[in-house]
Amino acid sequence: MAFKSLIAFVALAAAVRAAPTAVCPDGTRVSHAACCAFIPLAQDLQETIFQNECGEDAHEVIRLTFHDAIAISRSQGPKAGGGADGSMLLFPTVEPNFSANNGIDDSVNNLIPFMQKHNTISAADLVQFAGAVALSNCPGAPRLEFLAGRPNKTIAAVDGLIPEPQDSVTKILQRFEDAGGFTPFEVVSLLASHSVARADKVDQTIDAAPFDSTPFTFDTQVFLEVLLKGVGFPGSANNTGEVASPLPLGSGSDTGEMRLQSDFALAHDPRTACIWQGFVNEQAFMAASFRAAMSKLAVLGHNRNSLIDCSDVVPVPKPATGQPAMFPASTGPQDLELSCPSERFPTLTTQPGASQSLIAHCPDGSMSCPGVQFNGPA
């Protein structure tokens, strides 16, 4: 696939970093003195919120990076929003109350204290850097580019700029194009984030419903499992933005898998189906594609040439598990619903077991893993 050759070139170019030119107070050598402030911030985020895990608190901050950045519109102009500008944190009683941001108040309230503690760092930089640190805890994730120097925004974004799971593919693609000229390939690439994501508000009867069977690992399972025949719902049925899932079984806090209507639609639309299918069992390709698309998303509203490359202070992510994509137990090739005849589907094995396995609620496999939740204005 031509996309894969292009992404491989981009990944190689991104690996070439400038030689360190500054020494931070802790002795770390970095490419620019301005990057030093992010070293204690990363440590603070890990110790206070993430605990070095790809858990719910990390998932929520990764979601925040997208919701903060996509709030920009080329057609509506500057009054609509400033993109990756930290406005979620700066206007916590405004944007978190938009329906598309339902549930984002947790991550907003968790990050607000860091604005005071690390007050040389803008809210805009805090959001994107926190997301990069959060993602580094997810095995298989790429090390994201991080550019520092975004100024804070002085106005909140308007409502209606965040894509929602009930939106049509046409509306989603138009929104991304209007936000920053994103291509369908880049849109699907960004949805690799759903491999480490869960939903709390789509179905109000359940919490932390994962989008694939491995929600604590950045892998291609989500691209496989969205292509499997839906058989039920993890909670109640007929929720806006949700369609039947192939793995709805849950027990206690181990919630069954949820399938978003928008993911299902993108996996089958002629404009995006082959892109979606092409990520199945292509871990390195998916990770590199996501990194490239995130590099574009994270600077919406800014001139990247005016920012400082501080990628060298982003923690090195945990390595991939090495586990290939597999059909979950109780499913197999007979359950595939494919919409791309031109993309060869890989030969995959099936996990052992005659019935669906429960999806663990916590990274360590347990049912109880209390998260961090600060009180705040959002």
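Going from the start of the chain as shown, residues are counted 1 onward.
The backbone N, Cα and C atoms fix where each Cβ goes, glycine too.
Keep in mind it's a predicted model, so treat the numbers as computed, not measured.
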Selected from C274, C310, C340, C362: Swiss-Prot disulphide partner of C35: C310
According to Swiss-Prot, which candidate in D178, D200, D203, D212 joins E56, E60 at the Mn(2+) site: D200
Ca(2+) 2 binding, same site as D212, T214, T217, D219 - Swiss-Prot member from S195, S236: S195
Pairwise Cα distance for C35 (disulfide bond)/S87 (Ca(2+) 1 binding site) [Å, integer]: 22
Among D68, G83, S87, which are recorded as binding-site residues, the nearest neighbour of C54 (disulfide bond) by Cα: D68
Residues within 8 Å of the D68, G83, D85, S87 Cβ centre (excluding the Ca(2+) 1 site residues themselves): A69, A71, I72, G81, G82, A84, G86, M88, A124, V127, K153, A157, L300, G301
C274 (disulfide bond) - helix vs strand vs coil (DSSP): helix
Per-residue Cβ crowding (10 Å cut-off), top of disulfide-bonded residues C36, C138, C274, C340: C138
